[in-house]
Amino acid sequence: MRACVCRCARVRQKAAFSLMTRARARQTATLPVSGHAVTRSQRRLERVTAAAVVVTLGRWGHLCCQGSNTVHPRNCNNLHTGPECLEMTDNIASDESGLSFTPLVVIELASNTEEDAVKWLTKRISDKKEDGGADLKITALPRAKEDLSKENRKLYLVGASKERLLLGAEEVGLVKECSDGPMRTFTCSNRNSFKGFEDNKDDFLSMAECQYIIKHELDSLRAKSETMIPGYPQISLYPGKSILRRLQSKGILIQIFPLHDKEELKKLSGSWFGQIKFSFQPLDAIRHYFGETISIYFGFLEYFTFALLPMAFIGVPYYLFAWEDYDKYVLFATINLVWSTVILEFWKRHCATLAYKWGTLVRKKEFEEPRPGFHGVLGKNPVTGRDEPVYSSTKRHLRIYLISVPFVIFSLYISLCVMMVYFVMEQWVLEYHSFHQSYWSSLLLFVPSIIYAIVIEIMNRIYRLVAEVLTGWENHRLESSYQNHLILKVLVFNFLNCFASLFYIAFVLQNMHLLRQSLATLLITSQIINQIVEAFLPYWLQKRYKRRMHSKMSQIIKYKELPWVEDVELETSMSTYFGTFDDYLELFLQFGYVSLFSCVFPLAALFAVLNNLTELYTDAFKMCRVFKRPFSEPAANIGVWQLAFETMSVISVITNCALIGMSPQVKSLFQSETQLILLVAAVQHSLLALKFILCFIIPDVPKEIQTKLARLEFESLEALKQQQLKRAKEALNLK
């Protein structure tokens, strides 16, 4: 750890010296003639640049400087040389900024927040646990006297001591690797038995884990005997109410977000997307910085891209040599059906391996608290015994079935109407082309599909916004219930909106040529739109962010403002990452394009691979350069999206079998259409049976992981027995 700090400090020292040299050069160019004036100017410049050097050297380094003693630069006679000074740069930065801890989390309150509320909140955060506080360190963000910003932002920095973080790790049930190999829940009493703690290393907890612990402690902060928020008599409180959720629901708390670690982010960016190379994603590094939820998404994106390669390689020769003979796609469709089942089952195994390695597979699920927006009549929770809002499930169901369901049905009707308009346009273009037979009329054949694809994307995004508002209005108590209802609404609409036209062409019009053209146009157009939104737009935002940062730096030099303070304020202005919902939705629709009509457009897998290769870099770029750092969230799998992909796989069996049965050559083999329908149904059921047999044969968790989990459970039961036996002996001795 000492060597790591020295290396990082030397890099920052070099940059700081460069800053001081340029500042001195500018000052020398404008020095007055008087020698005394020169001396005063030089001394003033040296004081300012020395402070800049200290702060530049001390930009938040790695995790665990928390709770360490600070050293003032005046006490260091050799500020710019010597390993001792380099090792203390993070602490020097804290002292120079007036802090005695390393900031990890930022809390932003509304600019018009009452001072009484601010004092009360900061006191509750810093109070000891036995007094009902969070036992965290908090201070207001230092601001320059000559504040150029007209915004009166109230920003507060939150951190914690190393001991407090270790206690928090035990409270949240963090799972770490032991020295003897297995993963166990961390306890402070057995801390020396965990790998990486035997030498009292400061990097035992990652920065993402520390920020997650702080977020958990802040969320656990509850009202005691307060009946209202100080300064806001109209906002009531009651014992057991989450303070931060109450402040957030009333608009007093604007946001809470973790700070980026510039050194770690630079290192991660270089290995992740700094250069174009064909290699595996640095999942361990992503998990270390962003947490398990983000790393599992990128693991799934990487896995799905590699899984598409066999279908892409098989699809190219089918496209080149057997395009019009749809009967030759029977084998291709069968391979596709088996492929869609196998990749999902093997993903479960791969995900279980990652989750065990990261300690989330054996981690106990926390008790879920009510959402910030949940409201109702004050009552008592029968599980916790605490007072909290209670809302009738009957009222919620009435809102769902009388408002939400009709809205979804109406939206689907609008989508079908737009689809029929598309077919009218398609018919008009076909008639125009058959009449003119020109090069331009042939290009015009693709225009309706392109317009329809753009309209689909616009409708999907508008519907998503309305669905979020509607799901929030349903007043779900838990965040998981809210997410499940939102995902269901969005998936139903997106599935029909994106694939209804393809089903209509395939099974009503039975026009395979138009189906192939529409599928290719919809897939390619949607990928282009997504790349514009996810690649070019973030690049433009990043360029804008850099220009703003350069402007801020010029203001720093002019007004002697602290660089790290500006970094915090700039991070506050960055976009917020709202989770992996849209990313998984994009992959879900892509999986549908590839699997549903594989025998019509075999190149779909190839286009999906090309899109995902770009997606890997653009998503990484957004996470590191465009968005605020999200809080780490523990996850052991992709959640409800696994069920969504498996459902799509089942539907693909039905569609591909139906398309094969509709081919002219297959129809010619049967004199009766009833016999054909019965055969197609039999094949469908046989393939579905094969699919479920494969699901049963392929275990979700590898045998090695199952053995480790069983051993862990055995050790837990044995420890519980020993503890009960010890208590029994003590009780007998007392008697």
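Keep in mind that glycine also has a Cβ here, set from the backbone N, Cα and C atoms.
In TrEMBL this protein carries:
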type	residues	note
DOMAIN	286-711	domain 'Anoctamin transmembrane'
TRANSMEM	296-323	transmembrane segment
TRANSMEM	329-347	transmembrane segment
TRANSMEM	400-425	transmembrane segment
TRANSMEM	437-455	transmembrane segment
TRANSMEM	486-507	transmembrane segment
TRANSMEM	519-541	transmembrane segment
TRANSMEM	587-610	transmembrane segment
TRANSMEM	676-699	transmembrane segment
In contact by Cβ distance (the transmembrane segment (437-455), the transmembrane segment (400-425); 3 or more pairs under 8 Å): yes
Same-chain residues near the transmembrane segment (587-610), Cβ under 8 Å, at least 6 residues beyond its ends: 300-301, 304-305, 308-309, 311-312, 314-316, 318-319, 326, 329-330, 332-333, 336, 340, 491, 494-495, 498-499, 502, 506, 512, 515-516, 519-520, 522-524, 526-527, 641, 644-645, 648-649, 651-652, 655-656, 659-660
Residue numbers, six or more beyond the limits of the transmembrane segment (296-323), whose CB comes under 8 Å of its CB atoms: 280-281, 283, 286, 329, 332, 335-336, 339, 343, 347, 350-351, 354-355, 580, 583-584, 587, 591, 594, 598, 602-606, 608-609, 612-613, 615-616, 619-620, 635, 637-638
Within-chain partners of the transmembrane segment (437-455) [C-beta distance under 8 Å, separation at least 6 from its ends]: 418-419, 422, 425-426, 429-430, 501, 517-518, 521-522, 525-526, 529
